[in-house]
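Per TrEMBL, the feature Fe(3+) binding site maps to 78, 80, 248, 322. If you look up TrEMBL, you'll see 87, 150, 183, 251, 327 marked as 4-imidazolone-5-propanoate binding site. Among the features that TrEMBL reports, N-formimidoyl-L-glutamate binding site is placed at 150, 324, 326. The domain 'Amidohydrolase-related' annotation in TrEMBL covers 304-410.
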Ligand code: NIG
Ligand code: FE
């Protein structure tokens, strides 16, 4: 199928050569073609330019985008969207005064979702999860990371990986699976955490490597979960089995996980609500992407990641939804882009860079996704008519998306 889009009011994130990351002051710049056209064949971007330079192209389908913005689909580099059931009763408990940590301490939280997942069939988990994915695709997400982490046993973690694999095969979105067995200490190992870590490192990681579904490893490095010694052990076992780290650090406590992540060449360090100068120093000169998750801060009422500090230090930044049942039950990246502007004080240009090219980088796919470049994948948002792309974050919690092109397929 070939598709031609004409009369695009603003075509965003256009790069004639392959850009794979945007950092520091460069994040303030968004490359925009005014009054543009775009031509794709199958799943690939073939040509684009200004309408004044346009020579008729014979396409199977033409879309007139008069008054509309076209931009690369959102690249959501941190989600837990495969889960069973919901945690609405804990949500009400939190409204009534309990904290996320207090709920976890009484055996709720992640352990609650793990129980639910263990009692749900693979088929049912698949159905619930693909419905969530389809919903966020309609809201403009074209590439998404999905973590395990509600299995919390060798068997159930592998079950989650298999569900993610099936989803990857069945969807038009690009899926990056991540193994997050070290998400919480299972009830059974409450007093013997080392035993669970041993199962992860000696049994699960090699088995997961053999399945060849995921090559990223995550750890929830927090007080009451996994400390920095655990983090070291798990990342080392991961490295020996071809897993690169993408880790949860500094959400409630700063245990020093950022520097350890960088030391192990993490692709990303995510959350960072608590950030020290030492963390910033560790990130400088590394190839690790810091990732902010403003939806989680919004929902839990915890501090927002000091994103300005990161960008103003010359670092890159990605933003992601953290879509999960406990701390961010929404995968709406349009809201995340709006929240990044309102709460992290990113400019619209910085927020769009953070949610496209840098999000793609945080999944290891920015050579193929996240910008409009010849040869890259045809994943686009075509917005409703608007005057300027700034309206995307400005009209926060609105849906700016009118049509989607995903893997070269037009969804109306
Ligand atoms: O990124 N905090 C760890 N993981 C998730 C929450 C998962 C859950 O509560 O189910 C997060 O916030
Ligand atoms: Fe998370």
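Positions of Cβ are set from backbone N, Cα and C atoms, glycine also.
Remember, TrEMBL labels are computer predictions, not curated facts.
Everything TrEMBL records as a feature, shown here on the structure.
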residue: 78; record: Fe(3+) binding site; DSSP (3 states): coil
residue: 87; record: 4-imidazolone-5-propanoate binding site; DSSP (3 states): coil
residue: 150; record: 4-imidazolone-5-propanoate binding site; DSSP (3 states): coil
residue: 183; record: 4-imidazolone-5-propanoate binding site; DSSP (3 states): coil
residue: 248; record: Fe(3+) binding site; DSSP (3 states): strand
residue: 322; record: Fe(3+) binding site; DSSP (3 states): coil
residue: 327; record: 4-imidazolone-5-propanoate binding site; DSSP (3 states): coil
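Residue counts for the domain 'Amidohydrolase-related' (304-410) under DSSP, split into helix (H, G, I), strand (E, B) and coil, are 35 helix, 19 strand, 53 coil. Around residue 87 (4-imidazolone-5-propanoate binding site), taking its Cβ as the centre, 22 other Cβ atoms fall within 10 Å, counting all chains.
With a cut-off of under 6 Å between the Cβ and any atom of ligand 1, the binding-site residues 78, 87, 150, 322 reduce to 322. Geometry remark: residue 324 (N-formimidoyl-L-glutamate binding site) versus residue 80 (Fe(3+) binding site), CA distance 5 Å. Residue 248 (Fe(3+) binding site) has its Cα within 10 Å of the Cα of none of the binding-site residues 87, 326, 327. For ligand 2, the binding-site residues lying close by, meaning a CB under 6 A from one of its atoms, are 322; the full candidate list was 87, 251, 322, 326. Highlighted in sequence order, 79, 147, 218, 270, 271, 293, 296, 320, 323, 324, 328 have their Cβ within 8 Å of the centre of the Cβ atoms of 78, 80, 248, 322, the residues recorded for Fe(3+), and are not part of that set. Counting in whole angstrom, residue 150 (4-imidazolone-5-propanoate binding site) lies 9 from residue 80 (Fe(3+) binding site) by their C-alpha atoms.
Residues within less than 8 Å, Cβ to Cβ, of residue 78 (Fe(3+) binding site) and separated from it by at least 6 positions along the same chain comprise 145, 147, 246, 268, 270, 291, 293, 320, 321, 322, 362. Fewest Cβ neighbours within 10 Å among the binding-site residues 251, 324, 327: this applies to 327. Residue 80 (Fe(3+) binding site) and residue 326 (N-formimidoyl-L-glutamate binding site) have their C-alpha atoms 10 Å apart, to the nearest angstrom. Sequence-distant neighbours of residue 183 (4-imidazolone-5-propanoate binding site) (same chain, six or more apart, CB under 8 Å from its CB) are 110, 147, 148, 149, 150, 152, 218, 220, 225, listed in sequence order.
Annotated N-formimidoyl-L-glutamate site 150, 324, 326; additional same-chain residues within 8 Å of its Cβ mean position, judged by their own Cβ, are 80, 83, 87, 109, 110, 113, 149, 325, 327. Comparing the binding-site residues 150, 248, 326 by how many other C-beta atoms lie within 10 angstroms of each C-beta, the top residue is 150. Of all the binding-site residues listed here (80, 322), the one with the fewest other CB atoms within 10 A of its own CB is 80.
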